[in-house]
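Taken straight from Swiss-Prot:
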- 1-12: compositional bias 'Low complexity' (COMPBIAS)
- Lys6: SUMO2 cross-link (CROSSLNK)
- Lys21: SUMO2 cross-link (CROSSLNK)
- Lys35: ubiquitin cross-link (CROSSLNK)
- Lys121: ubiquitin cross-link (CROSSLNK)
- Ser113: O-linked glycosylation site (CARBOHYD)
- Glu3: ADP-ribosyl glutamic acid (MOD_RES)
- Lys6: N6-(2-hydroxyisobutyryl)lysine (MOD_RES)
- Lys6: N6-(beta-hydroxybutyryl)lysine (MOD_RES)
- Lys6: N6-acetyllysine (MOD_RES)
- Lys6: N6-butyryllysine (MOD_RES)
- Ser7: ADP-ribosylserine (MOD_RES)
- Lys12: N6-crotonyllysine (MOD_RES)
- Lys12: N6-lactoyllysine (MOD_RES)
- Lys13: N6-acetyllysine (MOD_RES)
- Lys21: N6-butyryllysine (MOD_RES)
- Lys58: N6-(2-hydroxyisobutyryl)lysine (MOD_RES)
- Lys121: N6-lactoyllysine (MOD_RES)
- 1-32: region 'Disordered' (REGION)
Amino acid sequence: MPEPAKSAPAPKKGSKKAVTKAQKKDGKKRKRSCKESYSIYVYKVLKQVHPDTGISSKAMGIMNSFVNDIFERIAGEASRLAHYNKRSTITSREIQTAVRLLLPGELAKHAVSEGTKAVTKYTSSK
């Protein structure tokens with residue numbers, strides 16, 4: 001009986017030959033997809049508040065995570081409010097109510113006033 005054909009030995013774990021760069025058929029490197037984050041906006045606000053202060057990449061990651069978390073909470077609460085009131089659109093009113101429900105006391109007041117200011121600025125620029 002003939003023996004089964006043996007395949008070529010697998011490359012060793014530390015082998016450098018196994019590592020190849022991702023390339024398209026025409027030989028050009030593939031562009032990495034951008035990971036969306038709020039880092040440029042966090043940095044702009046930091047420079048407005050403390051112009052001479054920097055931020056580490058670890059701290060920026062934490063800030064990005066924080067902004068994503070707050071965004072999801074507000075969006076979820078606004079969605080629930082729209083659903084309760086049998087509305088299919090989330091308006092600035094739902095966002096404002098969601099902010100009042102989620103943020104404590106003085107922080108909610110400041111957030112609402114800043115949000116109102118931003119919406120006014122946007123509508124006047126149209």
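All positions are counted from 1 along the displayed chain.
Every residue, even glycine, has its Cβ placed from backbone N, Cα and C.
Here the C-alpha separation of Lys121 (ubiquitin cross-link) and Ser113 (O-linked glycosylation site) works out to 12 Å. When the Cα atoms are compared, Lys58 (N6-(2-hydroxyisobutyryl)lysine) and Lys35 (ubiquitin cross-link) turn out to be 16 Å apart.
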